[in-house]
Amino acid sequence: MLVPALALAFRRRAPMTVAWLTAGLAALYWLTELAAPGTLLRVHADHSLNAAVWWPPTAPLAAYAAMAFPREGGRPVWMRGLPIAALLVPIGCLDDVLPDAAMRRFAAAETGSVNALVFRSVAVVMGAALLGMYAAARRRAVQGLTERAERAERERHLLAERARAQERARLAAEMHDVVAHRVTLMVLQAGALRVHAPDETTRAAAEELRAAGCQALDELRDVIGLLRRGPGAPPAAAHGPLPDLSQLVAESASVGVPVELAEHGEPPAASPAVGRTAYRVVQEALTNARKHAPGAAVRVDVRYRVDGVTLTVRNTAPSGEPDADLAASGSGTGLAGLRERVELIGGTFAAGPDKEGFRVEASLPAYLPVGAP
C-alpha cells in the first residue's frame, strides 16, 4: 500500500519516479508468482482464469502521470514511455516469466478470458498514457496562448506608454515655446514699466504684475518638468512641505478680494506632494471666488493635525454680477482636477454650495500612502 500512497502524493512532483516504482512493483508481483505458483493466476475447475492481482492498482495513474506532467526541459516522450513499456513487458513474456506449472494452468484456461484480461489491462494502461499525452499537449497549448496574450498585452501597454510619453513631450515643448515665451514677455514689459513709471502707484502695480508673472513662470516650469518626467518619476519640490498660505491671501487682497485666514494647531511635517496639493486647493478655491463671486466674503480655515491637515475655503453669496469674460476664462475642470489630485495622495475632497454660499474642503494626509506617486 506504500507505493499507491506515494503515487498519489508525488504523481505531479516526481511522475517518473512513481512510474518506475509502479513498474518495479509489477515485476515484484510476477516474481511472487515465480516463487509461489498460483498466487496470481488461478484456474478454476471450469477452466476459467482468475487473476488475483494482475497489475498494481496505481499502474494507470502512473502511466498518466509520466506522460501528463513532464518537467521543464525534461525527458523526451520515448524516454517517459519506458516505465510504461516495463509495465507491459510481463504480458508479452508470460511464457518466459512464469514457471511451467503456471503456464499449464494458464493454457488450460479459456482463451477468451485470457485475451479479455490481457486486452483490458493493456487498454487501461495505454489509454491512461494517451490521455496523459493529450493533457500535456493541451496544457502546452494553453500555456502558449497565455504567454502570447500576456506578451501582446505588454506590447500594447508599452506602445500606449510610448504614445503618452510622446504626447507629454509635445505638450511640454508647446508650453515651453508658446506659453512660457508669452509670459516671459509680460514679465519683461512689467519690469520695464516699473522702471519708467511716472508715479509710485503705477510702479507698485507693475511690480505686482511682474511678481505674479515670475511665479507663473516658476509654476509653468514645474508643469513642464512633470510632463517631461512622466507620472512614474519622483516629483520635484515646488512650495515646500507646508507652503505659506498667507502669500495667496495677500495676492487676493491685492486684487480687491479680502480673505480671512484662520490657522489652528501646529503644522506637521509633511511630504512635498501634500504641501503642493494644499497650496493648489487654496489657490483654485480663491481663484474661483474671484471669478464667480465678486464682492463675497472669503474665509480660509486651516486645521493642522498630527497626521495631516484639513483645508476649508468658504465664500458668501456674491454681491455683484460676475464678469462674463473672466468667468468663462477657465477650462471648467478645476474642481474635478482638484478632486483627482487630492484622492491621488489618499485624501478626501468635497465642493459645493452650502447655506452661506460655496464651500471647498479637502482633508490631506501628512504623508503619501504606500504605492502613491
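Cβ atoms are placed via backbone N, Cα and C, with glycine included.
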TrEMBL annotation (coiled coil) - matching range among 135-169, 310-344: 135-169
Confidence summary (mean pLDDT) of the coiled coil (135-169): 87
